[in-house]
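Let me begin by presenting the structure, written as structure tokens, before commenting on it.
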Amino acid sequence: SVHAAGCEVLLHAAGKGRINTNGTLYFDVSKCYFSIPLKIYTGKFNVSAEGASAPVRRVALMSDGNGLSLASDPTGTVNFLDMVQNLEGDSGRGYYIEMSIGTPGQKLNILVDTGSSNFAVAAAQHPFITHYFNTALSSTYQLAGRTVAVRYTQGNWEGELGIDRVLIPNGPNGTIVVNIAAIMSSDGFFLPGVNWQGILGLAYPTLARPDSSVEPFFNSVVQQLRIPNIFSLQMCGAGLSASSTADPAGGSLIMGGIEPTLYQGSVWYTPIVEEWYYQVEVLKLEVGDQNLDLDCREYNMDKAIVDSGTTLLRLPVNVFNAVVEAITRSSLIQEFSSGFWDGTKLACWMKGESPWRFFPKLSIYLRATNSSQSFRITILPQLYIQPITDVDGTLDCFRFGLSSSSNGLVIGATVMEGFYVIFDRAQKRLGFALSNCAVSGGVALSEIAGPFSAADVAANCSGGILKEPIMWVISYTLMAICALVLIILLLLLVLPCRRRNYSGEITDESSLVRHRIK
């Protein structure tokens, strides 16, 4: 249930509010800021039409000779404008694309996730999904004879590997044959209110389960349809994770290149540090104009990745605490519930009282392709102080779009919604440009600037960090050593070592007693 948790800041005018949850609870409250327990509202929301795409024009694929594809010539093999607005969803429930799987095709909505590498679909009934992929009804489905299990930051699933045909109605032209994990059981993976029935892992083979021999979906697309090894992603929720009115804005997944109508200004590129996740190198963070002044290796502990399947901006614990402290210092709200920062409570304002003016901008500096330089991506508070729902027409409630992380820095939807992000796998780099849908009330919700000198940070901020596969090798090696030592100790106990001297056989134990007597 929703209940008031006390005022955070007391202002002058008095008013009355009410909260309606399975009945009506009335209470008197000053015109102030207070917190309530977190309750995700799964309704729909309305997004401003400002910043909409330019009028439709017929453009298609043409390579520039470097593996980079731009929309330019209608004689190409891929029409990018067919892919514009092919995503639905929002940051709170994920962005998903429609696919037709099997023969005859079964239509499912598939979550777009750049933080994993398996293509997996529900293949059994689940209380939170409306339909699933029935493998028995597909004449082209083939079992691979292997089981697979994947665990995410939240949720996990188990299933069986198979192969089948897939067509993306608003994607590249052509049907492809891909590896499919048929999900038979899951825990915390499918959630109430979501409208997707599977996940599209767009990362590298290293992350594929059960091993890297399972070719990821996009690798199959590139090889079979012969499109450039690049995709780009625009997510248009603009921080609006829920509302009570119209359909969400969705977004665009462009396979094979870049669609210029989806962004404005220049594209800034940062190298992909390692091809497993889309790992990048974060040089520093700023809250407002305040540099956190942390060692840059703190930001990359144990990795820094760009992940569309993660809702929030997740920061290593030390970085997160420093950000919250800096926001608190620079914010006009000095006394604020700790529950808001840790995600257990929402902050609510009286209807029409915008909270964003109380909070600073957040900036992330990424190393540029010229390693001696960096560029800065900035999000306004409208992207990280996120509206969840209104309460009975009197209150607007918001959540904090950042969280602490024990497994690295994750640039999730909170940040990605401000930018058109280009996953240029051919040239091993990620590009960022201002998204033309990251606009609210005529105000751009993101900024990008550079170049800046990177002389004040280490030459390699992500150096020396152990990666997941290396950790596995070390773990197994240590386990093997421990097992060997244990076997030796057991043998020593069962079969005591013996030796012979002039007085006959003596055991180690008698020898030890003899030494003690000495």
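Along the chain as shown, the residues are counted starting at 1.
Glycine residues also receive a Cβ, built from the backbone N, Cα and C atoms like all the rest.
Quantities reported herein were computed from a predicted structural model and do not represent experimental measurements.
Listed in TrEMBL for this protein:
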type: DOMAIN; residues: 95-433; note: domain 'Peptidase A1'
type: ACT_SITE; residues: ASP113; note: active site
type: CARBOHYD; residues: ASN173; note: N-linked glycosylation site
type: DISULFID; residues: CYS236-CYS437; note: disulfide bond
type: DISULFID; residues: CYS296-CYS461; note: disulfide bond
type: ACT_SITE; residues: ASP307; note: active site
type: DISULFID; residues: CYS348-CYS397; note: disulfide bond
type: CARBOHYD; residues: ASN370; note: N-linked glycosylation site
type: TRANSMEM; residues: 470-495; note: transmembrane segment
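Comparing ASP307 (active site) with ASP113 (active site), their Cα atoms are 7 Å apart once rounded. Here the candidates are the recorded positions ASP113, CYS348, ASN370, CYS397, CYS461. The one whose C-alpha lies nearest to that of CYS437 (disulfide bond) is ASP113. Nearest neighbour of CYS348 (disulfide bond) by Cα distance, taken over the recorded positions ASP113, ASN173, CYS236: CYS236. Mean predicted confidence for the domain 'Peptidase A1' (95-433): the pLDDT average there is 91. Comparing Cα positions, CYS236 (disulfide bond) lies closest to CYS397 out of the recorded positions CYS296, ASN370, CYS397, CYS461. Put simply, of the recorded positions ASP113, ASN173, CYS296, ASN370, CYS461, the one whose Cα is nearest the Cα of CYS397 (disulfide bond) is ASP113. Within its own chain, CYS296 (disulfide bond) has VAL282, LEU283, LYS284, VAL457, ALA458, CYS461 as residues 6 or more apart in sequence whose C-beta sits under 8 angstroms from its own. Separation of the C-alpha atoms of ASP113 (active site) and ASN173 (N-linked glycosylation site): 21 Å, rounded to the nearest whole number. Rounded to a whole value, the Cα-Cα separation of ASN370 (N-linked glycosylation site) and ASN173 (N-linked glycosylation site) is 36 Å. For the disulfide-bonded residues given as CYS236, CYS397, the lowest number of other CB atoms within 10 Å of the residue's CB is seen at CYS397. Cβ-based neighbour count (10 Å, all protein chains) for ASN370 (N-linked glycosylation site) stands at 12.
Least crowded of the disulfide-bonded residues (CYS348, CYS437, CYS461), judged by neighbouring Cβ atoms within 10 Å of its own Cβ: CYS461.
Within 10 Å of the C-beta atom of ASP307 (active site) sit 22 other C-beta atoms, taking all shown protein chains into account. For ASN173 (N-linked glycosylation site), other Cβ atoms within 10 Å of its Cβ number 14. When other Cβ atoms within 10 Å of the Cβ of ASP113 (active site) are tallied across all protein chains shown, the result is 23.
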